[in-house]
Amino acid sequence: MAATAAAAVLSSGRFYALIGFEIHVKLATHSKMFSSSSSAPAQTTNSQVTPFDMALPGSLPYFNRTCLEAGIRAALGLNCQLNKISHFERKHYFYPDSPAGYQITQQRYPFASNGVFHYPLLIKKDKLKSSTKYKFVDNQNSFVIKQCRIERIQLEHDTGRSIHDDHQNRTLIDLNRFGTGLIEIVTKPDIQSSLEGESFLRELNRLLIKYNICEQSGLETAVRVDANVSLHRMNTKPDGNRIEIKNLGSFIDVRQAIDFEIKRQEQLLTNNYSIKNETRTYDTNKYQTIHLRRKEDQIDYRFMIEPNLPPLYLYDDNDKHIYGKNFVNIDDIKRNIPISPLDERKQYLDKYKDFLTAEHLHELLRLDMIDYFRDVMTHLDNNHLRHIALEVLLSDVKSISYDGRKIRKFAQAVSPILFADIIKHLEKRIITRFSLYTLLTLCNKSRDSTRSLKSFLDEHNMYAINDENELEKICLKILEENPKQIDRYKTNPKKALEQLHTSVCKKYHGRIHDDLVNDVFKRLLDKRIK
Amino acid sequence: MLSNKTTSSAVRSAINALQHYKVLNTLTNDCFDKALETEQQISIEKKNNSPLYGRPILIKDNFCLRDTLTTCASKMLANFRAPYTSTIVQRLIDHGCIIVGKTNMDEFAMGVASWGAFGPVANPWSLTKTTMTNVENNKTVLHVAGGSSGGSAAAVAANFVSIALGSDTGGSIRNPAARCGCYGFKPSYGLLSRLGMVALVNSFDSPGFFARNIDDLIFATNAVAGPDDEDATLLSKPFENFKTSNELSKEKKKIIIGLPDDYDVNTLSSEYRLCWQDLVHRLTETGEYTFKRVQLPYTPYSNAAYTILSSCEIASNMARYDGIKYGYHTKNIDKNKDTYEDILKKTRDESLGERVRGRILAGNYYLLEENYDKYFVQSQRVRRGVMNDYKKVFEEDKIDCLLAPVVSNDPITLAEYEQADDIFSEDDIFTVGANLAGLPALSFPVRLSSKGFPIGLQLIGPFLKDQELLSTAYRICSTYQFPFLDLTKQI
């Protein structure tokens, strides 16, 4: 298993890894970065193409303001310095999905640089105990917060889409995607393991969605990651060489690719080979990285200032005397930006300090349940209910959602309102704690997310039996069916009650309150003895 | 305007002239039928009072016109029909201009002979040289018309049309205007939209007009100048129309004209230098002009900077021609062997001319990572030096405008041009400066040479002082009469 192999390499004390990311984020804007066509995804092939998008002779780019605003939000969220003057450049290479023969980007003069991003390290709860190995730990109850420095953020556009038709030996080009706005975030190699890498990317993903920089679903569609990995012997200085792994499309791929690389490079170093610059790609089927091109084959992109776009000037409150109404003011954007995910979580700790600990929050984060938790909390109006809700989330929901992997589906099927309703019913003892797993599973499986709780309870008869008389009848029946236990009660009352409890729960699955039924059995049995 | 007027239509006259003088090869393709139709239409529904209303015009074949061939005189675009119309052309159409055809040029606007894939434009003055015939085939010897907007210049100079649209990147309006004997105006960079004009060098390209009098230049420029929300390199403030000769105040202030020493080069022929000097003397005698010699020390380096910067942008702009989306695509494909790169190479090799390929090669060399600072960035510094030279002369020395040559000698014959090996012309030194600095410049015919070819000079003005430049030109040109050619009289 690559993960354990890599972990072994890193914890051996003989090596350390330097990992950096180049992250391409699709901006959530209505139109493209340099043309007016719509940037909506999944439209009819080649239906969103202006003259500029197909590089018609005589076409010109015109910069989209909302792309700049989204970029500035990203820069602010990543604590970057905003460069008040930046330039667009052309990056030249020939490829069918690049109609002009160049991409417009910001190579030498990006609009933002020198930032830092803090992110919580996501470890499974049981491993937290051994977290003394990691830096930045205050105590076991707080998050392990790490940081990664941001080298730069640049504005650029996406390419078209190539569809390889091996059947007819041809490649088809769809230019709908060409020209849609991107930012590329380049980090410094501060990441030291695949776990850190994944944690960083997940927190970045939260930020990008919260700040409305990219569309939902993060790493799956709106974000593409290239990872730079280099392994070094402990106490040696890095020589700048690194392996670039291109186009990782999911968190899992990123982790596996990094782990594979660490192990692969360890082999090379152990056998006295040095790491030379190389570009590799990740094979998702074989879980390995594969060579793509060497440093000597690296392409010279012949970067040149884009002559059709003037320099990009950014303004702030200090420049009020210069700028016009139409210009973008960094300070305006700063004032309107939402709270960061990190700060928001701090707020939760404070707001719900009666029952929420850092460890809880960390687990919610690891399970990707923070947003769901937040929404559920707003539908419950006292801390007692909220505490119950938290407990259910971290047990039943954690299990039903496969340790958070299917949480998105769960959140869609079981809306926060429905979940809150369930908790309220639980608190009122209309349903029992034991029925929750079944109930939540049923709701999760249901395709109709608008069904009321009542309809589920009715259909599957999941109401708790609260009527004493009815309960007595049931218990009497059970006693009749289990005469052995009546006798047993005389000698081993505890065991007998346990067995009776098991029997009644088997029969009335989930509808029995523990405390109630125990009292009834005791009463009946005591009566019998007398 | 009554539609049953029997006077010959202006469009019909233009068409007749163009067809009669096919030998000059001024057009790449024509819009004759559509033009006649349009003339009919707009004579009925008179929409506005523009001085251009109903005028037949020609546009250089590097401007896109919807559903019309826009070839840039290249095999690569020989079958390209633009799905949209350039802003400038649309504005002309909105003013009532009738487009009769697209004019011939150098391939992709590179060159000074207007000799692209469809053969050369011939200088209309060649046809007046009845004494010059080719001994072998008894045909009239033809001469170059200048370039790259030669077709437009020749057509206006010969009076086929009164106004034609061209483009000037390194002198491509001023050069053919001087060679053919008409006015050629390149406005300040940032006044006229380049949307729809096939880019050669984005930083230097400027649309501009040819005409037989300065007022027509003004009418045409007024019709098209001003912001376009699709061109980010334009000035954003609204355009104020230039005033024509009638509208200007009659008060004549004294004009100080600079004579750049650095343009007085060895290659300038004595005849052409004399023309320059004679004009200076004549104007001095009127008492309304003062002349000062001025220095533009960066001039000797301007050609090199222009060459490097233009090659870089050209290599970049030409990267889009791959035959996949539009344009020429090679038919010579080996389905079993050829990769994408192979097909790309063949397509471009087969359809782009030698001069174009040479510029692309040079540009790609200069843009290599290891060369960028040495060549591209250094050239930008020289460019700034050129700009500062002009600025200093205009601001510190209080010069209103400069008077300089445009070409150094009579045009050579087409046969001689074919033999020659030059990629760049020595005459570039006169014209590239205004492109590097984005300044307005106007070429005007002065007199005929001893061999009977027009000798032209140019005025170069400060940035955005186009109005003053046009007024000065008007004043200068009204002190003498140039014998404009009119080939239509002989039809």
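From the backbone N, Cα and C atoms, a Cβ is placed for every residue, glycine too.
Annotations in TrEMBL come from automatic prediction, not curation.
Just so it is clear, the model here is predicted, and its values are computed rather than measured.
Per TrEMBL, the feature domain 'Amidase' maps to B:15-470.
Summarising the annotation, TrEMBL assigns active site, charge relay system to B:Lys60 (among others). Here the Cβ of B:Lys60 (active site, charge relay system) has 32 other Cβ atoms within 10 Å, regardless of which shown protein chain they belong to. In the three-state DSSP scheme, B:Lys60 (active site, charge relay system) is classed as strand.
As annotated by TrEMBL, active site, charge relay system applies to B:Ser148 (among others). The Cβ of B:Ser148 (active site, charge relay system) lies under 8 Å from the Cβ of B:Met105, B:Asp106, B:Ala109, B:Met110, B:Gly111, B:Val112, B:Ser114, B:Ser167, B:Thr169, B:Ser172, B:Pro176, each of which sits 6+ residues away along the same chain.
What TrEMBL records for B:Ser172 is active site, acyl-ester intermediate.
Looking just at the domain 'Amidase' (B:15-470), the mean pLDDT is 94.
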